[in-house]
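Asks: Sending over a structure as structure tokens; questions will come in a sec.
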Amino acid sequence: MAEIKPAEISAILKKQVEGFESGATLEEVGSVLQVGDGIARIYGLSNVQYGELVEFDNGLEGIVLNLEEDNVGVVLLGASTGIKEGSTAKRTQRIASLKVGEQMVGRVVNTLGFPIDGKGPIGGDLYEMPLERKAPGVIFRQPVTEPLQTGIKAVDAMIPVGRGQRELVIGDRQTGKSTVCIDTILNQKEFYDAGKPVFCIYVAIGQKASTVAGIAKMLEEKGAMAYTVIVAANASDPAPMQVYAPMAGAAIGEYFRDSGRPALIVYDDLSKQAVAYREVSLLLRRPPGREAYPGDVFYLHSRLLERACKVIADDDIAKNMNDLPDSLKSIVKGGGSLTALPIIETQAGDVSAYIPTNVISITDGQIFLDGDLFNSGVRPAINVGISVSRVGGNAQIKSMKKVAGTLKLDQAQFRELEAFAKFGSDLDAVTLNVIEKGKRNVEILKQGLNSPYTVEDQVAIIYAGSKNLLKNVPVNKVREFEKDFIEYLNNKHRDTLDALKAGKLDDKITDVIEATAKELSAKYN
């Protein structure tokens with residue numbers, strides 16, 4: 001029989017007692033009173049904070065948005081299946097966040113940052129970024145001075161966008177709003193290829209899954225997914241996911257911005273976000289205001305769009321930025337930027353409705369797309385009279401600024417005279433000249449789908465148009481002339497185009513452009 005050694009047994013017991021950990025932890029738990037339509041009312045979470053995440057017994061999370069006397073209103077970040085009256089919900093003592101990293105580029109993710117493109121989990125170093133975050137304070141910003149080239153002639157010439165600007169794209173449905181923004185993303189390939197990428201985030205809110213899949217496929221084919229992230233909250237997703245999708249996109253953009261790099265974010269579109277927010281607010285029984293939107297819908301958009309800015313170039317100041325997530329503190333650099341292109345859909349061109357006026361007043365200008373222009377074949381259908389860029393002019397390259405200086409005025413004058421000319425046929429030579437030049441400029445500013453232009457090509461053709469060098473070219477042949485003109489300059493005078501790209505515009509350059517235009521327009525005589 002084996003001998004029992006008391007000393008050995010007591011040593012083992014001592015060791016086990018030392019390693020014993022109490023499994024009991026203090027958790028604040030509440031119970032679900034009511035659930036439905038993506039909203040749960042919970043009793044018992046008396047110390048919960050506004051905006052805090054709560055976790056249900058099936059693992060689903062929700063955000064606390066209403067704090068009432070005897071219960072809290074929680075919006076669910078997912079389907080409510082599995083949650084019923086009496087289910088438990090516990091505090092997590094953290095706010096909604098997502099994990100962002102370099103390997104998120106090229107992926108399609110949902111509002112919570114989880115991939116939905118079937119390409120497996122996102123690897124590499126990931127940094128936790130809060131969905132909601134205070135915008136950088138005044139001392140952490142600097143004025144917009146660098147251009148963000150959209151590749152769209154009408155925009156880069158007349159409504160220029162700078163890095164760190166918020167430029168609204170507004171218009172009726174089917175007027176090419178998304179196309180303007182997607183072309184801008186495609187145009188950043190030039191900078192990616194040159195090793196100076198502008199990281200792009202496309203946020204699709206309340207769109208059909210097939211539409212988002214089509215956009216992802218097109219960006220992939222054009223090589224643009226190499227620097228783009230798509231955040232998708234589809235039409236079938238719960239309203240809270242659609243409300244928070246733009247915040248998720250902004251958090252991804254802030255990761256690039258705060259690490260000293262330029263980023264561009266497209267919100268497509270904020271009208272659908274406002275509708276989803278209205279739905280959530282009404283279900284939470286908040287009092288409705290104008291058009292049944294809640295009173296804080298302005299604040300919803302302003303706090304989102306203020307997160308886009310140009311960060312001060314001084315690293316030491318940038319490191320002290322307000323509300324900086326702890327995870328980012330080791331990689332913060334100054335000089336980054338986040339440019340926002342929010343999209344708003346109008347009803348029958350009414351820009352004086354509630355949401356359009358709100359967003360117009362928040363942003364630094366707007367690109368207004370006109371249904372009538374679109375239907376008459378002017379694409380992109382930009383209404384130059386109503387469109388404006390409040391800060392982008394400082395960011396234009398010098399050559400473009402010189403060339404496009406009078407273009408906006410010329411086109412506004414042309415539209416006025418064109419309307420006047422419909423009433424009478426007897427026009428003097430000066431008026432006829434303005435109308436003929438205007439018609440050719442309209443043709444020059446037309447552009448095909450997904451075909452952005454480099455800035456030097458834009459400057460060259462706009463110079464030719466503004467100096468009336470195309471007067472001998474029939475209006476219906478202007479697009480053909482433009483193609484030949486740009487091809488000729490690229491083949492024979494690449495040095496001239498490089499000088500234009502660098503911002504130069506002297507007599508030597510203008511002589512080359514004028515001689516080329518004269519030579520090529522001769523065949524139309």
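Each residue, glycine too, has its Cβ placed from N, Cα and C.
Swiss-Prot lists these features:
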- G171, D172, R173, Q174, T175, G176, K177, S178: ATP binding site (BINDING)
- S387: site 'Required for activity' (SITE)
Asks: Determine which residues of the same chain, besides G171, D172, R173, Q174, T175, G176, K177, S178, have their CB within 8 A of the center of the CB atoms at the recorded ATP site, and list them by sequence.
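Replies: Going along the sequence, the neighbours appear as E345, L369, G371, F374.
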Asks: I'd like to know which of these binding-site residues, R173, K177, is least surrounded, judged by other CB atoms within 10 A.
Replies: R173
Asks: Rounded to an integer, what is the Cα-Cα distance in Å between S178 (ATP binding site) and S387 (site 'Required for activity')?
Replies: 17
Asks: Could you tell me which three-state DSSP class G171 (ATP binding site) falls into?
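Replies: SS state of G171 (ATP binding site) = strand.
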Asks: Hey, how far is K177 (ATP binding site) from S387 (site 'Required for activity'), Cα to Cα, in Å?
Replies: 13
Asks: So what sits near T175 (ATP binding site) in its own chain, CB-to-CB under 8 Å and at least six residues off in sequence?
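Replies: For T175 (ATP binding site), the qualifying residues are L369, D370, G371, F374, A381.
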Asks: If you count other C-beta atoms within 10 angstroms, which of the recorded positions Q174, S178, S387 is the most crowded?
Replies: S387
Asks: Just going by other Cβ atoms within 10 Å, which of the binding-site residues G171, D172, G176 has the emptiest spot?
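Replies: Fewest other Cβ atoms within 10 Å, among the binding-site residues G171, D172, G176, is found for D172.
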Asks: From the Cα of S387 (site 'Required for activity') across to the Cα of G171 (ATP binding site), what is the distance in angstrom?
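Replies: Counting only the Cα atoms, the answer is 11 Å.
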Asks: Let me know the DSSP-derived helix, strand or coil state of S387 (site 'Required for activity'), please.
Replies: coil
